[in-house]
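**Student:** Pasting in a structure now, in structure tokens, and then I'll have a few things to ask.
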Amino acid sequence: MSAARPLKSVDYEVFGRVQGRRPYTEDEAKKIGVVGWVKNTSKGTVTGQVQGPEDKVNSMMSWLSKVGSPSSRIDRTNFSNEKTISKVEYSNFSIRY
């Protein structure tokens with residue numbers, strides 16, 4: 001990734017009927033070109049972090065809040081700790097357990 005493009009990091013939590021759909025999130029992240037992780041929480045939400053070029057992170061944020069995986073129902077998505085970073089902390093996008 002070239003240093004000329006600003007890099008962005010954001011944490012997310014998706015509420016609704018969204019568990020069991022993590023492979024779709026992983027596929028979408030890889031398609032868009034962002035890194036980070038996703039995992040189910042004990043309270044029925046999906047949480048994670050996305051990092052990469054700002055425009056690509058914005059695309060992933062849009063997907064996480066509006067599109068989601070087939071047969072998921074997104075009630076709302078909370079984003080937090082949105083910040084500019086000097087380099088990404090992950091080599092890929094992974095599913096955590």
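The backbone N, Cα and C atoms fix where each Cβ goes, glycine too.
Remember, TrEMBL labels are computer predictions, not curated facts.
Not my notes, these are from TrEMBL:
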| type | residues | note |
| --- | --- | --- |
| DOMAIN | 9-97 | domain 'Acylphosphatase-like' |
| ACT_SITE | Arg22 | active site |
| ACT_SITE | Asn40 | active site |
**Student:** State the Cα to Cα distance, in Å, between Arg22 (active site) and Asn40 (active site), rounded to an integer.
**Tutor:** 8
**Student:** Give me the long-range Cβ neighbours of Asn40 (active site): same chain, 6+ apart, Cβ under 8 Å, in sequence order.
**Tutor:** Gln19, Gly20, Arg22, Val46
**Student:** What does DSSP give as the helix, strand and coil breakdown of the domain 'Acylphosphatase-like' (9-97)?
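**Tutor:** Result for the domain 'Acylphosphatase-like' (9-97), in helix, strand, coil order: 25 helix, 39 strand, 25 coil.
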